[in-house]
């Protein structure tokens with residue numbers, strides 16, 4: 001039977017529609033998130049259309065097939081900032097956001113800063129959205145995402161967020177959650193970000209899963225003036241449960257993550273590689289269980305004294321307690337050319353009981369799979 005061109009076109013469109021949308025499902029605390037569900041996929045063609053789709057009240061599956069470059073769309077600002085870490089060419093300088101330079105760095109040299117306005121504040125993402133990239137094509141450049149103000153049931157999958165005023169602290173965050181719930185961030189790549197690659201807080205973000213994502217800290221400008229990004233992952237919400245699984249956290253110099261507020265973090269099967277500083281920073285209110293992770297070339301796995309509570313899954317005997325609260329025996333972490341990471345607080349483990357808990361593999365599985373599977377285009 002010979003198919004005529006109109007019929008072929010219809011079949012192609014149907015195949016495209018059936019293939020579009022979310023791949024797989026969330027593990028861990030955000031298990032059950034559906035995003036835009038079975039809504040007919042939409043394909044924005046302009047930055048304005050993308051902003052509209054993300055910010056309206058409809059359930060949507062939004063498919064990105066190209067780079068959406070926000071650079072220059074909101075103009076630039078030139079003003080006086082400061083240089084707390086010096087004026088060498090590899091050092092970040094700071095925007096005087098909310099008088100930060102004035103109030104917190106009064107002795108830092110003043111410098112002129114010119115930044116792109118679009119990067120400072122991300123795109124608002126409302127409830128019941130799936131934002132999905134096609135192949136390796138879906139990129140948001142020059143602007144991040146904000147899942148805030150009560151937004152819930154959101155999936156961000158297989159996209160890249162890049163180039164948010166990387167020279168400037170306070171130049172923008174890649175992904176912000178604040179007063180949210182049921183959010184799944186999966187196979188996302190972030191690179192060349194001014195401030196945080198991922199930030200939760202200060203209001204509750206409740207149930208969140210971040211999986212299979214690539215936080216790339218390679219930069220021409222950093223607060224440590226060495227090409228390693230300092231502002232990695234900041235988890236300080238007032239009532240948050242965060243699953244961090246299968247992520248590749250690369251070339252950072254600090255705060256990857258910083259955990260505080262009132263945050264229960266399950267860090268499982270992640271791969272930290274190549275840091276010039278520290279990975280974890282745990283303040284009061286941070287409750288961290290770390291298992292099955294790999295730390296390679298991380299000189300300081302944890303910064304200073306733990307202000308909250310930490311269970312590092314130190315050995316098989318100690319790890320048996322996890323079966324009572326997580327339903328499995330915790331997996332030891334693996335280390336190569338890295339600092340020590342050994343603490344076994346157990347009082348907080350009861351907080352995992354009855355929750356949706358991600359499965360855990362041996363660290364050797366993460367070691368072999370995470371670098372090749374994390375990030376955009378690796379579904």
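Just so you know, glycine gets a Cβ as well, placed from its N, Cα and C.
Under the heading signal peptide, Swiss-Prot lists 1-19.
Taken from Swiss-Prot, the feature disulfide bond covers 82-101 (among others), and the record attributes it to similarity to another entry. Residue 101 (disulfide bond) falls within a helix when secondary structure is assigned with DSSP.
Of all Cβ atoms in the shown protein chains, 17 besides its own fall within 10 Å of the Cβ of residue 91 (disulfide bond). Residues annotated as disulfide bond in Swiss-Prot: 91-225 (among others).
Residue environment of residue 128 (N-linked glycosylation site) contains 21 other Cβ atoms, counted within 10 Å of its Cβ in all protein chains. What Swiss-Prot lists as N-linked glycosylation site is 128, and the listing cites sequence analysis.
Under the three-state DSSP scheme, residue 255 (active site) falls in the coil class. The feature active site is assigned by Swiss-Prot to 255, with sequence analysis given as support.
The disulfide bond annotation in Swiss-Prot covers 322-330 (among others), and the record cites similarity to another entry as its basis. Taking the Cβ of residue 322 (disulfide bond) as reference, residues of its chain lying under 8 Å away and at least six apart in sequence are, in sequence order, 289, 291, 313, 328, 329, 330, 349.
Checked against residue 101 (disulfide bond), the recorded positions 91, 128, 225, 255 differ in C-alpha distance, with 91 being the nearest. The disulfide-bonded residues examined here are 82, 101, 225, 330; by Cβ neighbour count within 10 Å, the least packed of them is 225. Rounded to the nearest whole angstrom, the C-alpha distance between residue 128 (N-linked glycosylation site) and residue 225 (disulfide bond) is 40.
Using a 10 Å Cβ-Cβ cutoff, residue 255 (active site) registers 24 neighbours.
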